Ligand SMILES: Nc1nc2c(ncn2[C@@H]2O[C@H](COP(=O)(O)OP(=O)(O)OP(=O)(O)O)[C@@H](O)[C@H]2O)c(=O)[nH]1
């Protein structure tokens, strides 16, 4: 006697057994994308991402805002997924409102996180209004007037508020970098997706909408895609946060924390860029070495904190006087350097006089007056190194100090300086 195969999918069954009909495409999709499996894997992935987000938040909470809210949002989504999976074990009037409220809070917290990330107000009023409205809607259309499409529409419209708001911010703060576009495109797709789902639910007859959105192959594909997109968006936000952190660390490694002008390392990088350009375009290059006069006396008489403010003020004056294309750096202590591309020595001298004049005129209330001495060197040949330029500018600066301070001196040509 022939024994029938235990599996529906087993193709190597005895020839005498009656061949069961092949599953239709819809049955195959329903089998492969079963809602419980989708929910289970999504919930598990959300838990893993929540841990990753939270660890980023713990390490860089000062540098990158908003990551914490995304982490808490993922925890809320884990709660939502767990409650959805417990339908059947828990009564619907607990599982459904609980799961929907958690889902709203999860997505809402990501909106709060994105707002904080971009330095905007967190939008707690929108957050609370949306999840409370959703809870009221679901309780009404579940317990008072049961209506699945209306519940689906309410959820979709309220959730799309969160996505559209983030899309607005991503657009306003867009950059040309890939991560910015990736996050924006995902937000646009999610906004469109949730909003059109709400419209579809509203305009369909109850039965059609119910069969489209529940217990059908299409519903399972939609559920799988929506979950995938939500996870992808979390990854995109994490990429955005990492990019921001990278920029902050780069800035820290090339800038002086007190005055926010370049440090020695940043200055050297800028010089190399200018030199690379000079190899294509032959143009003059000058350098100024600027040193505050009798700064020790300022520190001694007014305290170190006031001395720091004077340094910040001098840096601001130099920045204001220099062009966009110039590079200002603080070389530690009370010494600054300014690299002036496309600038001849006479023009550099005029700039030095303007800095000294502006320092005289822009005396800050509460700050002691200060003056600077300046040494100026013009590049003699395109190949002249930064060290050579700096040492000639420094020699001129010493002469300015020796000549009574608060003046500018031009460096001697390299051969004479040697
Ligand atoms: N407030 C403050 N002081 C600093 C900082 N770095 C260096 N200094 C002080 O800058 C002063 C530099 O003094 P000196 O090198 O003697 O030079 P000076 O008093 O400016 O005299 P001349 O350069 O000859 O005009 C020292 O007292 C340092 O302590 C800083 O970051 N903040």
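We number each residue from 1, going along the chain as drawn.
Cβ atoms are placed via backbone N, Cα and C, with glycine included.
Of the candidate ranges 13-32, 93-112, TrEMBL annotates residues 93-112 with the feature transmembrane segment. Among the listed stretches 150-169, 181-205, 217-242, the one sharing the most Cβ pairs under 8 Å with the transmembrane segment (36-58) is 217-242. The DSSP breakdown of the domain 'GGDEF' (283-413) into helical (H, G, I), extended (E, B) and coil residues amounts to 60 helix, 29 strand, 42 coil. Most Cβ pairs under 8 A with the transmembrane segment (70-87) among the ranges 93-112, 150-169, 181-205, 217-242 are made by 93-112.
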